[in-house]
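**Q** Annotations for this protein, taken from TrEMBL, read as follows:
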type	residues	note
TRANSMEM	75-97	transmembrane segment
TRANSMEM	109-131	transmembrane segment
TRANSMEM	204-222	transmembrane segment
TRANSMEM	229-250	transmembrane segment
TRANSMEM	302-322	transmembrane segment
TRANSMEM	351-377	transmembrane segment
TRANSMEM	398-419	transmembrane segment
TRANSMEM	425-447	transmembrane segment
Amino acid sequence: MTSTKAMDEQEQPKSYWRWSKQDFLPEESFQSWNNYVYALSQTWLRFKDRVQTRSDDATETLELKKKSENEMKKCLNWWDLMWFGFGSVIGAGIFVLTGQEAHNHAGAAIVLSYVASGISAMLSVFCYTEFAVEVPAAGGSFAYLRIELGDFVAFIAAGNILLECVLGSAAVSRAWTSYFTSLLNRPKDSLRIKAHHLKDGYNLLDPIAVGVLIISGIIVMISTRKTSLLNWIASAINTAVIIFVIIAGFCHANTSNLTPFLPYGAKGVFQASAILYFAYGGFDNIATMAEETKNPPKDIPIALIGSMSMITVIYCLMALSLSMMQKYTDIDTGAPFSVAFQKVGMNWAKYVVAFGALKGMTTVLLVGGLGQARYIAHIARSHMIPPWFALVHPKTGTPINATLLITISSACIAFFTGLDVLSSLISVSTLFVFVMMPIALLVRSLLGIKA
């Protein structure tokens, strides 16, 4: 009777909301003080083991999924993922970076800079596409690097991914407040609270950014499918604004503004393309949705390559329309499209541009929240952070704990930290992962390290 009762207790599913030591510190070295001291004495051997240890395809795609206890719901197809691509890539960057780089580095040849950066981004897309087809895991680049380059490199990548997730969301939410202020036609920092006793860069408190992060986090936690539908709507509106900007720009075009076409030479074109590469960031979020995709080998390549191809064309057309509306020396570096429309008598268009940028940042937060949570969940599955964050909720089919980690961390930073401080920290973490990915693919292709 006692054994039957014990078996029934073992068969009962665990509660999702639990706080046991095993959920946060499951490793043997944390089970007692003596174990911990012994583990410290073996640091060099453990480090050597981590450097040499590699995962394999089956572990990343099958075994580690069990650590989440519940599976994520397969509810996405290539069409959903295509819109995820638009939502995660097209934010406010295109509305700001285009003017900055045209004025400072490329001139009218800014369109060539977008072509060069688009080709470079597409090469990264091909790397992600090949991996996503063969290793359809929620961990994305983390899982790929763990298989090919080992636990140590994956550990460094995990740190960079965490940094990028938290700081990236905080930066976008701060920018959201700025564009919302512009849409209301109010002074730049009028919706922020000035804290005079804090250091510059951290003294403009932003409760709106915190609110936006919390709302987007709740939406992402509720349902992947509902988030996808909301992303469709927001991305469609953003796309309509972009089409308006392109058509209106060409309607007021003057071909004489394209001369001189290369005022800074080829060097300026490539300097600009290096900066514009970051306008293509975010496509890796598509790869993290592999576990929720109905047919990953077919849907992910279509979504990645299709969305990035169309985004490259859109970026080039927007850059060309701006260059033809205004001479590069007259382009405003802060709000290039808004100022350009004002110069041609379309003062009202600046509100359309601000609304489009606002919608773009909204989709970046939504899709970014989805992808980031899945990164965190998979990192937690490998026990590089507490496995509590790997748990998938049985009803929603989403990693709620991982989403909470990103949302709360980003909100705390966004409340205090200025956009310029955040922007300077994000690029390093992004570059590290993008540099490691082609190296990992070379290792996989040339050395055949797959399983």
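Quick reminder: no glycine exception, Cβ is built from N, Cα and C everywhere.
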**Q** With pairs fewer than 6 apart in sequence excluded, do the transmembrane segment (204-222) and the transmembrane segment (398-419) have three or more C-beta pairs that lie under 8 Å?
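**A** Between the transmembrane segment (398-419) and the transmembrane segment (204-222), contact is present.
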**Q** Do the transmembrane segment (109-131) and the transmembrane segment (229-250) come close, with at least three CB pairs under 8 A (pairs 6 or more apart in sequence)?
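**A** Answer no, regions not in contact.
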**Q** Have the transmembrane segment (302-322) and the transmembrane segment (75-97) got at least three CB pairs under 8 Å, pairs 6 or more apart in sequence?
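**A** Output yes: the transmembrane segment (302-322) sits against the transmembrane segment (75-97).
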**Q** What same-chain residues lie close to the transmembrane segment (229-250): Cβ under 8 Å, and 6 or more beyond its ends?
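**A** Same-chain contacts beyond the ends: 80, 83-84, 86-87, 90, 94, 219, 314, 317-318, 321-322, 324-325, 337, 340-341, 346, 349, 352-353, 355-356, 359-360, 362-363, 366-367.
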